[in-house]
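Trainee: Shown below is the structure under consideration.
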There are 2 protein chains.
Amino acid sequence: MKKVIWSALSAAEQQAVLLRPAMAASESITDTVAHIIEQVTTEGDAALKKLSAQFDKVELNDIRLSSQAMKEACDSIPAPLKTALREAFRNIRSFHAAQVSRPLSVETQPGVVCEMHSRAIEAVGLYIPGGSAPLPSTVLMLGVPSEIAGCKRRVLVSPPPIAPEIVFAASLCGIDEIYQVGGAQAVAALAFGTESVPKVDKIFGPGNSFVTEAKRQVSQAIGGASIDMPAGPSEVMVIADARANADFIAADLLSQAEHGPDSQVVVVTPSDKLADEVNQALTRQVAKLSRADIAEKALENSIAIVCQDMAEAVVISNIYGPEHLIVQTKNPRQYLNDIQHAGSVFLGDWTPESVGDYASGTNHVLPTYGYVRTYSSLSLMDFCKRFTVQELSADGLSGLAPVVTAIADAEGLDAHANAVHVRTQALEGSK
Amino acid sequence: MKKVIWSALSAAEQQAVLLRPAMAASESITDTVAHIIEQVTTEGDAALKKLSAQFDKVELNDIRLSSQAMKEACDSIPAPLKTALREAFRNIRSFHAAQVSRPLSVETQPGVVCEMHSRAIEAVGLYIPGGSAPLPSTVLMLGVPSEIAGCKRRVLVSPPPIAPEIVFAASLCGIDEIYQVGGAQAVAALAFGTESVPKVDKIFGPGNSFVTEAKRQVSQAIGGASIDMPAGPSEVMVIADARANADFIAADLLSQAEHGPDSQVVVVTPSDKLADEVNQALTRQVAKLSRADIAEKALENSIAIVCQDMAEAVVISNIYGPEHLIVQTKNPRQYLNDIQHAGSVFLGDWTPESVGDYASGTNHVLPTYGYVRTYSSLSLMDFCKRFTVQELSADGLSGLAPVVTAIADAEGLDAHANAVHVRTQALEGSK
């Protein structure tokens with residue numbers, strides 16, 4: 001891990017230190033994905049089977065997982081893991097259920113009532129990555145809020161063969177519609193539908209660069225689907241005071257680093273000594289990891305920034321805008337009001353990132369790559385949409401009429417004024 | 001206005017009746033906009049001046065409006081219009097202030113606290129269209145929620161020359177940073193910044209097809225800006241029972257039709273007689289409008305659908321998903337629970353669309369073109385982003401540790417488990 005002294009850097013060097021690696025989809029990925037989407041929209045299920053054989057080396061008979069296969073998968077899960085997933089489910093459910101918004105109603109002036117109502121998004125697609133390790137936690141992060149929202153149709157897709165842990169987590173969330181298809185072809189199927197896979201309104205979940213690019217493309221296509229948020233490599237920033245535990249910090253950095261070689265890992269502290277201790281702890285800990293290769297690769301781009309004081313650490317954190325921000329200081333809550341840009345914040349020595357990844361109750365689908373400046377942590381709201389309602393009484397309209405007609409006149413929109421006039425004339429006529 | 005009997009149509013014909021006209025940006029618009037964005041990012045202010053001379057036929061000296069020019073513009077507004085805009089401002093403020101969310105805090109299990117916090121988006125760009133009529137109402141719809149959210153920097157852009165009504169509405173909202181630049185070049189300036197125009201995080205507001213395409217392109221560019229929502233032609237659907245007033249309905253349809261020749265206008269009613277009366281009322285009313293040409297053009301694509309009963313009218317409305325939905329029936333509120341997809345709903349005989357366009361308090365920036373299925377009416381939330389916070393006590397971590405490590409083991413992520421282990425070991429060591 002490279003160490004820099006913040007105050008010794010020029011403004012340009014400071015900017016460079018916090019710069020994320022470029023992340024434009026290569027032209028070859030863009031084209032490959034466009035071609036996959038075209039195949040799926042024209043050939044449907046046949047394309048899904050062909051592409052699964054090509055990319056996942058799996059010959060699919062049934063794209064949808066049968067209820068028998070689901071039952072067998074669930075039965076195969078060891079009891080302790082079932083218990084753990086149930087407890088994680090319960091915490092995630094408890095935090096997301098508290099996000100239910102009540103309808104809003106305001107009488108803005110006599111007889112003029114304005115309201116806001118929420119509705120579940122009707123059909124949602126939940127993408128769960130496959131690969132080296134199954135991610136049942138991601139199933140919970142998408143399955144729980146979609147259940148609470150009341151989405152009528154929830155369609156889970158994941159590359160074949162689907163791990164039993166994923167099926168069990170889905171069953172906890174009441175999801176019974178699972179398709180064994182992954183990659184850009186799964187995203188295309190969700191966005192446009194095939195004979196087997198239903199078209200959905202919005203697609204959620206993380207994936208590799210093909211999945212990310214496919215989500216981007218279908219979100220831009222007329223008749224495609226909305227998506228949860230733009231994606232980028234995962235990140236953690238730890239800000240820590242001199243009394244922080246170097247072993248804890250190193251462990252947190254590594255839990256991010258093991259996700260992938262492109263993971264971004266940064267520690268910011270006013271203590272030069274702590275920065276060195278973290279470096280030593282990293283060396284000790286990384287050797288013992290089963291994914292040491294991946295973590296070591298990520299650590300090559302990682303950085304320790306030594307700053308003046310904790311106030312400056314918060315400033316640096318706000319410039320960077322990390323997906324995960326861990327605050328290991330004596331009174332971590334004192335900095336909360338100053339934290340402007342982060343995906344999820346972990347306060348204090350006893351709150352490692354992994355609790356939020358799995359089981360504290362917060363959602364682990366978070367904006368990354370600086371998108372925290374405008375995007376939010378995934379929440380119940382992302383599975384709903386809101387619309388306004390207004391209802392005026394006859395008196396309410398009479399009271400508001402002069403305002404509406406004056407502005408309509410200023411905007412030169414006669415018919416807008418006339419929609420009020422025909423009504424006020426009718427009211428006068430009926431008097 | 002064309003009339004169809006819903007039950008007499010085949011499923012394919014029903015679908016065709018509700019189909020919106022294709023809205024893919026032409027290749028020439030895409031290329032023109034890409035070229036404009038490139039000019040602005042490379043040449044900055046010089047490009048803005050050149051493009052304003054080219055498209056708006058205005059030679060700009062200062063891109064930013066001076067405080068003297070703002071004062072003069074405000075002074076020039078007639079008192080009655082000032083009063084009307086102030087009253088609209090007050091209602092819009094009242095409804096949007098009620099949308100402020102309180103921080104959420106849930107103890108999901110003992111010693112495990114999860115929270116959600118909201119922060120204003122730091123810098124926002126507000127695009128106000130110019131053209132045939134100034135739109136001070138749009139200034140209020142973007143200016144009020146951005147003020148309540150507490151966005152630090154609010155940058156308003158509008159094509160030169162900027163109408164005094166727009167400046168006055170901006171001043172009501174406390175906006176003092178106004179730039180005389182419009183079109184794709186204004187969007188590019190907001191997304192990437194120039195010498196004069198600051199880069200913003202998110203761009204809001206309606207515009208012509210060049211503005212819409214520019215917003216789309218910058219929202220897809222790394223280092224660009226987020227946008228409020230995808231845009232399409234404006235729409236209204238009226239659902240009405242036999243007792244509804246044909247003149248009211250015709251006036252509402254025309255207030256949508258006068259927006260532009262691509263406006264979508266639909267009425268759905270179980271009463272064949274009412275459908276004919278609306279048609280006659282349209283003919284009577286349209287002739288008197290100053291924008292009769294535009295409205296007549298829009299009416300060419302408009303349609304009256306005669307259905308079985310009001311329940312079917314609601315079903316048809318949900319299939320279409322109108323931006324504006326006006327319900328003119330005896331007990332309009334009885335249908336509210338069944339309305340799934342709409343941007344804003346207007347209940348009853350005394351609630352024309354124009355009250356929501358200007359002054360009831362709701363926002364008139366709404367998803368259109370079917371985007372209501374996943375997008376929401378613009379609200380305070382769009383000017384904020386939310387992040388989660390978690391804080392565990394030592395006991396809280398001990399309680400949650402088995403859950404986290406069991407899932408980490410199942411996912412094969414050692415370092416995730418280790419971040420918990422190093423802490424529980426430290427706790428045991430200190431006992």
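The chain as shown is numbered from 1 upward.
Cβ from N, Cα, C; glycine included.
Just so you know, TrEMBL annotations are computer predictions that nobody has curated.
TrEMBL lists these features:
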type	residues	note
BINDING	A:TYR127, A:GLN185, A:ASN208	NAD(+) binding site
BINDING	A:SER234, A:GLN256, A:HIS259, A:HIS324, A:ASP357, A:GLU411, A:HIS416	substrate binding site
BINDING	A:GLN256, A:HIS259, A:ASP357, A:HIS416	Zn(2+) binding site
ACT_SITE	A:GLU323	active site, proton acceptor
ACT_SITE	A:HIS324	active site, proton acceptor
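Please go over these features one by one and say how buried each is and what sits next to it.
Mentor: Applying an 8 A CB threshold to same-chain residues 6+ apart, the list for A:ASN208 (NAD(+) binding site) reads A:PRO129, A:GLY131, A:GLY183. A:ASN208 (NAD(+) binding site) falls within neither a helix nor a strand when secondary structure is assigned with DSSP, and so counts as coil.
Cβ-based neighbour count (10 Å, all protein chains) for A:HIS259 (substrate binding site) stands at 21.
According to DSSP, A:ASP357 (substrate binding site) is assigned to a helical segment. Within the same chain, residues at least 6 positions away in sequence whose Cβ sits under 8 Å from that of A:ASP357 (substrate binding site) are A:SER137, A:SER255, A:HIS364.
Secondary structure from DSSP puts A:GLU323 (active site, proton acceptor) in coil.
If you take the C-beta of A:HIS324 (substrate binding site) and look for same-chain residues 6 or more apart in sequence within under 8 angstroms, you find A:SER234, A:GLU235, A:VAL236, A:MET237, A:GLN256, A:ALA342, A:GLY343, A:SER344, A:PHE346, A:GLU353, A:GLY356, A:LEU366.
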Trainee: Using a 10 Å cut-off on Cβ-Cβ distances across all protein chains shown, tell me which of the recorded positions (A:GLU323, A:GLU411) has the largest neighbour count.
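Mentor: When each Cβ's neighbours within 10 Å are tallied, A:GLU323 tops the list.
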Trainee: Pick the one among the binding-site residues A:GLN185, A:SER234, A:GLN256 whose Cβ has the fewest other Cβ atoms within 10 Å in this structure.
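Mentor: Result for the binding-site residues A:GLN185, A:SER234, A:GLN256: minimum number of other Cβ atoms within 10 Å at A:SER234.
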Trainee: Taking 10 A as the limit, how many CB atoms besides its own sit near the CB of A:HIS416 (substrate binding site)?
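Mentor: A 10 Å sphere around the Cβ of A:HIS416 (substrate binding site) contains 29 other Cβ atoms.
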Trainee: Using Cβ atoms and a cut-off of under 8 Å, determine which of the binding-site residues A:TYR127, A:ASP357, A:HIS416 neighbour chain B, and list them by sequence position, or give 'none'.
Mentor: A:ASP357, A:HIS416
Trainee: Enter the number of other CB atoms within 10 angstroms of the CB of A:TYR127 (NAD(+) binding site).
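Mentor: Looking across every protein chain shown, the total is 27.
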Trainee: Do me a favour and check the Cα-Cα span between A:HIS416 (substrate binding site) and A:TYR127 (NAD(+) binding site); whole Å is fine.
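Mentor: So the Cα of A:TYR127 (NAD(+) binding site) lies 45 Å away from that of A:HIS416 (substrate binding site).
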Trainee: Under DSSP, is A:SER234 (substrate binding site) helix, strand or coil?
Mentor: coil
Trainee: Where does A:TYR127 (NAD(+) binding site) sit in the DSSP three-state scheme?
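Mentor: In the DSSP reduction, A:TYR127 (NAD(+) binding site) maps to strand.
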Trainee: Tell me which of the recorded positions A:HIS259, A:GLU323, A:GLU411 ends up closest to A:GLN185 (NAD(+) binding site) in space, Cα to Cα.
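Mentor: Going through A:HIS259, A:GLU323, A:GLU411 one by one, the closest to A:GLN185 (NAD(+) binding site) is A:HIS259.
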Trainee: Distance check, please: Cα of A:TYR127 (NAD(+) binding site) against Cα of A:HIS259 (substrate binding site), rounded to an integer number of angstrom.
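Mentor: Computed Cα spacing between A:TYR127 (NAD(+) binding site) and A:HIS259 (substrate binding site) is 18 Å.
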